Amino acid sequence: MSCDGGKPAPAKLGDEQLAELREIFRSFDQNKDGSLTELELGSLLRSLGLKPSQDQLDTLIQKADRNNNGLVEFSEFVALVEPDLVKCPYTDDQLKAIFRMFDRDGNGYITAAELAHSMAKLGHALTAEELTGMIKEADRDGDGCIDFQEFVQAITSAAFDNAWG
């Protein structure tokens, strides 16, 4: 979901992106029938760090299921996610600049203290509970800090959540 610093995103997914999507799709297609059930689609989205509610999942399936069979085939899956994958809310340069703003000591990681300080500076003071929740949600490897990849994933998840309601 990375963008080439400042260049506009392409209108279509490239071959490499399609191959990655196909691999992801196949790994969640439990019975290998070429389609995803609601449960399989939910698992796939959660593996990407997203947390769709049941209503969001129902809406996604209704939107994707063009042949009305209650399942999501690969072509339907691509049609569903392609618009969000080809548009990038931030360029790589913007993401790096935002990350550097939060990573006050420049060590490549955002700690809870750095996050709290930066959010307070932005006028969004966090409670201890909010801070813990944000770190826990973004910290994929469990080391207590947020590295750049985890930061990008968190931003991407937030953008997806905003786009999908």
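Placement of Cβ uses the backbone N, Cα and C atoms for every residue, glycine included.
Here the structure is a predicted model, which means the values were calculated and not measured.
Noted in Swiss-Prot for the protein shown:
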- ASP29, ASN31, ASP33, SER35, GLU40: Ca(2+) 1 binding site (BINDING)
- ASP103, ASP105, ASN107, TYR109, GLU114: Ca(2+) 3 binding site (BINDING)
- ASP139, ASP141, ASP143, CYS145, GLU150: Ca(2+) 4 binding site (BINDING)
- 16-51: domain 'EF-hand 1' (DOMAIN)
- 52-87: domain 'EF-hand 2' (DOMAIN)
- 90-125: domain 'EF-hand 3' (DOMAIN)
- 126-161: domain 'EF-hand 4' (DOMAIN)
Stretch-averaged pLDDT - the domain 'EF-hand 2' (52-87): 87
CB contacts for SER35 (Ca(2+) 1 binding site) [other CB atoms within 10 A, all chains]: 20
Lowest local Cβ density (other Cβ within 10 Å) among binding-site residues: GLU40, ASP103, GLU114, ASP141: ASP141
Nearest-integer angstrom distance between the alpha carbons (Cα) of ASP29 (Ca(2+) 1 binding site) and CYS145 (Ca(2+) 4 binding site): 33
Counts by DSSP class (helix H/G/I, strand E/B, coil) across the domain 'EF-hand 3' (90-125): 21 helix, 2 strand, 13 coil
By Cα-Cα distance, the member of binding-site residues ASP103, ASN107, ASP139 nearest SER35 (Ca(2+) 1 binding site): ASP139
Candidate with sparsest Cβ neighbourhood (10 Å radius) among ASN31, ASN107, the listed binding-site residues: ASN31
Those binding-site residues listed as ASP29, ASP33, ASP105, ASP143, and which of them has the most Cβ atoms within 10 Å of its own Cβ: ASP29
Non-site residues, in chain order, whose CB comes within 8 A of the mean position of the CB atoms of ASP29, ASN31, ASP33, SER35, GLU40 at Ca(2+) 1: PHE28, GLN30, LYS32, GLY34, LEU36, THR37, LEU71
Conformational class of GLU150 (Ca(2+) 4 binding site) under the three-state DSSP mapping: helix
Sorted by sequence, non-ASP103, ASP105, ASN107, TYR109, GLU114 residues with Cβ within 8 Å of centre, Ca(2+) 3: PHE102, ARG104, GLY106, GLY108, ILE110, THR111, CYS145
Count of other CB atoms lying within 10 Å of the CB belonging to GLU150 (Ca(2+) 4 binding site): 20
